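Trainee: Residues or ranges marked as active site, proton donor/acceptor by TrEMBL: 79. Here TrEMBL flags 179, 180, 181, 182, 183, 184 as NAD(+) binding site.
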Ligand code: NAD
């Protein structure tokens, strides 16, 4: 179980979704609507029970509040977590039922892709609600799969963090990438273009073997990636990659990756600092996707997304700098900054 310190008010709304006819089973958690509608993707995963799905939705929704606030977006934080049915099911029907539930919230929640969901799923959702993004865009307009924007933001953040913390560019460094799905694979392509060496792990053979063939990445077992011989560790799978054991065994000197909720518990942030491992906070570096989602929902252009994603890396440098000056973990500094934005009810400049 992954824990975040809860310092803001608890969720303003939590909706149970249960529709046996379509197989829809899950929860929508809306954590904060101070800055705008609660926005966050829809996760579709084989949770053993509703309690596990609820726990994940609550912490993910809270994370979205922090992420959206620090990214300067006019959005609160929310998340949908759906349990993948065990047997056969009609995927299109399930996502249309989910869309109806989103529509009933009247715009308090805006959904999009997350782990386990695709553009095609969001197209089904869009048949029953307006409050969805991540749809195929019109030319020049924002929209579509947010993953490439997430990968771009993570890559630029990693480059900035490497300059700040390791005093070097990425060329010639080795990056250990945990999870080569939508974001992880794209990140690997950026890194290969920048001259970095890659070590990767993914339980899905098709995903990792493709990158080994195309980019010459070294493949290691899933259990070995966090302690791989590399200067940088990039968690791009599920949450909780940074725990006492993985941090103790880590050889990397910088952590920067796309996964949400990387810290398995709050004290791991201090452990990283004490071991001299720089940490680029997850929700700061992975904001590219929600920036794209936000622009699409608000009817903005791709150039607006580009401009906002370009702000992520300088923000990361400023955060690392402030954390170093204050002798604190960058994770705590980011939380303080996000809470100040939400408490003040005013957006940061984006
Ligand atoms: P994805 O489902 O496409 O990819 C996740 C990959 O991780 C899969 O290939 C899976 O096989 C692999 N994986 C699972 N367990 C693993 C393990 N123990 N070790 C190594 N690999 C493992 O998801 P994604 O869209 O690429 O998202 C990756 C992470 O980034 C998630 O935590 C997600 O919440 C976060 N994120 C994604 C976006 C986005 O735009 N897609 C935005 C912000 C944050």
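Positions of Cβ are set from backbone N, Cα and C atoms, glycine also.
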Trainee: Given the recorded NAD(+) site (179, 180, 181, 182, 183, 184), which additional residues of the same chain have their Cβ within 8 Å of the Cβ centre, ordered by sequence?
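Mentor: Result: 147, 177, 185, 186, 187, 202, 207, 236, 237, 258.
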Trainee: How many Å lie between the Cα of residue 79 (active site, proton donor/acceptor) and the Cα of residue 179 (NAD(+) binding site)?
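Mentor: Pair distance, Cα basis, whole Å: 21 Å.
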Trainee: Taking the Cβ of each of the binding-site residues and counting other Cβ atoms inside 10 Å, which one has the highest number: 180, 182?
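Mentor: Compared across 180, 182, the most Cβ atoms within 10 Å surround 180.
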Trainee: Using DSSP, would you call residue 182 (NAD(+) binding site) helix, strand or coil?
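Mentor: Its secondary structure by DSSP: helix.
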Trainee: Counting other Cβ atoms within 10 Å, pick out the least crowded of the binding-site residues 179, 181, 184.
Mentor: 181
Trainee: Around residue 183 (NAD(+) binding site), how many other C-beta atoms are within 10 angstroms of its C-beta?
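Mentor: Other Cβ atoms found within 10 Å: 29.
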Trainee: If you draw a 10 Å sphere on the Cβ of residue 79 (active site, proton donor/acceptor), how many other Cβ atoms land inside?
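Mentor: Its Cβ has 30 other Cβ atoms within 10 Å.
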